[in-house]
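Have a look at the structure below, then the notes.
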Amino acid sequence: MSKRIIQSVLSVSVLASMMSMAFAAQNEQEQAEQTLEKPAEPVKLETIFVTAEEQVKQSLGVSVITKEDLEKLPVRNDISDYVRRMPGVNLTGNSATGQRGNNRQIDIRGMGPENTLILVDGKPINSRNSVRYGWKGERDTRGDSNWVPAEAIESIEVLRGPAAARYGSGAAGGVVNIITKKVTNETHGSVEFYTSQPEDSKEGSSNRVGFNVSGPLIKDVLSYRLYGNYNKTEADDVDINKSIGSTAAGREGVKNKDISGRLAWQATDQQTVLLDISSSKQGNIYSGDSQLNANAEADAILSQLIGKETNTMYRDSYALTHEGDWSWGKSKLVAQYDKTHNKRLPEGLAGSVEGKINNLDDKATSRLETLRFNGEANIPFEYYLPQVLTVGTEWVEDRFKDNVSTTQGKDSSGSGYGDQLAKGDRSKMESRIASAYIEDNLKVTDSTDVVLGLRFDDHSKSGSNWSPSLNITQKLNDYFTLKGGVAKAYKAPNMYQNAEGYLLSTNGNGCPANIESRCLLQGNGDLKPETSVNKELGIQFQKDIVNASLTWFRNDYKDKIVAGTHVVGTVDGSSTNANTGAVTNTKWNILRWENTPKALIQGFEGSLGLDFGDIRWTNNFTYMMDSKDKQTGNPLSLVPIYTINSIFDYDITDQLDVNFVFTQYGRQKSRQFAENRLESGIGSGGANSALKPSTVKSYSTAGINVGYKFSDQISTRVGVSNLFDKQILRDSNSISQTYNEPGRAYYASLKYSF
């Protein structure tokens with residue numbers, strides 16, 4: 001990155017800060033004068049002060065989950081249980097391989113979890129980046145959607161397509177913004193207990209307890225908020241999938257511990273300072289999973305680990321926020337420091353044992369540190385048209401150290417092929433992104449709103465990127481509104497893809513079909529960033545009790561980063577026979593991560609909501625027309641061809657309510673085309689190992705629950721999930737049926753509020 005760019009970005013940040021402070025001294029006097037001389041002006045200003053971000057969140061590609069929604073359909077542990085019910089959202093892996101199938105994460109519009117950005121109160125979380133990135137693009141992680149307990153959440157915003165592009169790298173599919181409960185000027189709080197008990201004794205149960213409390217330390221000046229959570233979800237039995245002849249593991253368990261505090265200081269009527277500190281621990285309960293479905297019961301090492309904690313994530317976050325509400329507009333400054341320690345047993349890095357735990361020694365720890373600064377100002381004014389201008393800058397720096405995943409090809413003499421390909425300390429990686437953005441929300445007419453945006457990102461290795469955007473809202477009449485948008489989204493290479501010291505190897509089966517043996521996959525510091533031109537166009541109808549919409553979306557995905565198929569060189573290496581001690585000298589073919597030309601995502605989303613007051617019925621659907629890597633012909637991820645969600649909510653009395661939920665998943669087709677020698681039928685397994693395309697048939701799940709309020713303080717809820725017991729079992733011989741859908745379970749919660 002050039003020094004000039006860095007200096008420019010930092011200069012704008014400093015200037016924004018100085019402007020905020022300079023205007024602060026004049027603010028109270030100016031507001032008083034405006035109130036006396038022009039009393040109508042503040043009211044007028046308030047009515048048009050809608051920022052570009054707020055306006056874009058009115059797009060059809062945006063859904064909001066409220067705290068009441070989470071109370072009426074409680075999640076077992078992870079908010080992904082509820083987010084998956086939104087249009088365009090599914091749970092899947094980051095590729096169409098089905099690897100790590102039971103570690104499904106939030107996928108938006110088929111772009112994969114790596115293109116879904118998780119935010120907490122608008123601040124990104126990237127702890128999953130500390131987990132090793134596999135040959136096919138998978139990580140052994142549950143993602144970043146489980147760092148905030150449901151009890152602490154005020155709402156969840158799910159942004160899809162063009163609406164998400166403003167958030168920068170990693171939001172090409174969409175954004176999930178978890179908004180926590182605010183501090184209060186009166187003491188309020190709650191404690192909730194939740195349990196879920198499966199009918200099938202081989203499935204893991206779940207129990208959690210959480211609390212949230214907030215109140216003043218100094219009335220009207222200093223307030224606090226504190227929340228905490230403990231959850232334990234047991235692992236499935238190691239033999240849960242044996243009934244269909246599969247050795248694949250079931251879902252692993254998880255133990256969560258979370259604590260978070262906030263101090264809010266109302267420094268003046270115009271200025272608020274927030275201090276956020278949180279600490280979390282997530283540990284797994286091992287159930288036998290490995291990247292390539294090894295038989296855990298037959299493996300000497302894996303069989304000893306069943307039921308134990310093989311990986312633990314520790315996450316600490318510190319953030320300081322200044323919010324200003326001035327006579328000229330609003331400002332926000334954020335400084336954030338996140339630290340993730342990923343402690344886990346070492347895994348293989350070669351061929352058929354990639355991703356499989358290979359010893360019982362002490363866990364190794366990789367360390368990820370992220371420093372983030374963001375400054376933003378929103379300025380309303382009128383120049384030909386009423387408008388609100390947004391200007392902002394951002395600086396993100398990641399420093400990462402992984403001593404275990406960067407050891408392939410290393411030997412004590414320093415002459416291994418890994419040592420030849422990458423000199424120095426291979427374990428250290430880093431990344432920096434400097435960004436600046438400008439947006440303008442224009443009120444063209446009473447019925448027309450236009451939001452223009454332009455974002456610039458400069459990455460320390462992949463260079464610069466410009467991301468323009470346009471969103472339009474046009475009211476056609478009292479009932480119909482046309483909404484559309486187009487934006488260029490962006491994703492920088494991850495640190496493993498960029499690191500020349502990160503090597504994976506295969507003796508032949510994992511090589512491209514045209515390479516007979518011995519392939520090395522090496523990180524590439526010359527990768528381009530991934531980009532996607534995201535478009536959507538839809539119509540909304542609102543009248544009386546009806547709210548309906550239909551939206552077409554299309555993502556033209558370019559330069560997706562994948563494992564390379566072209567030999568860029570060779571390197572000398574050697575291997576030692578463990579039985580005879582004989583040394584064999586070999587040559588390895590070097591592949592590198594590379595940008596694949598194009599991919600296409602396209603489909604429709606629709607919704608229909610009926611609100612009768614005490615009765616509410618909300619429905620949505622997603623239909624995937626296209627999901628294809630144009631180079632391989634395979635889908636980008638494993639998602640149903642269609643999904644239908646329906647929630648029926650009836651408040652029978654002020655104390656009693658009942659909820660019914662139904663989801664229908666369409667067929668899920670696997671990859672159709674081989675991508676290596678083994679799948680092509682020319683590897684060591686011959687034709688028996690050739691890729692066998694498969695399909696998960698359409699299926700549905702349903703649930704029901706009843707809630708009752710004993711008083712303003714005490715409430716309870718009991719229910720049944722997967723009411724008709726449609727259980728899906730993971731099949732190690734299938735490349736589409738790659739996950740477990742749990743069967744019928746009974747759950748209950750008890751909440752005390754004060």
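Even glycines carry a Cβ here, placed using N, Cα and C.
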Among 89-109, 404-424, find the range that Swiss-Prot records as region 'Disordered'.
404-424
Using Swiss-Prot as the reference, determine which range in 35-52, 143-160, 539-556, 737-754 is annotated motif 'TonB C-terminal box'.
737-754
Based on DSSP, tally up the residues of the region 'Disordered' (404-424) by helix, strand and coil.
5 helix, 0 strand, 16 coil
Enumerate same-chain residues with a sequence separation of six or more from C519 (disulfide bond) and a Cβ-Cβ distance below 8 A; give 'none' if the list is empty.
S505, T506, G508, G510, C511, P512, W588, N589, L591
For C519 (disulfide bond), what is the secondary structure by DSSP, using just helix, strand and coil?
strand
With helix taken as DSSP H, G or I, strand as E or B and everything else coil, how many residues of the domain 'TBDR plug' (54-181) land in each class?
30 helix, 36 strand, 62 coil
Can you tell me how many other Cβ atoms are located within 10 Å of the Cβ belonging to C511 (disulfide bond)?
25
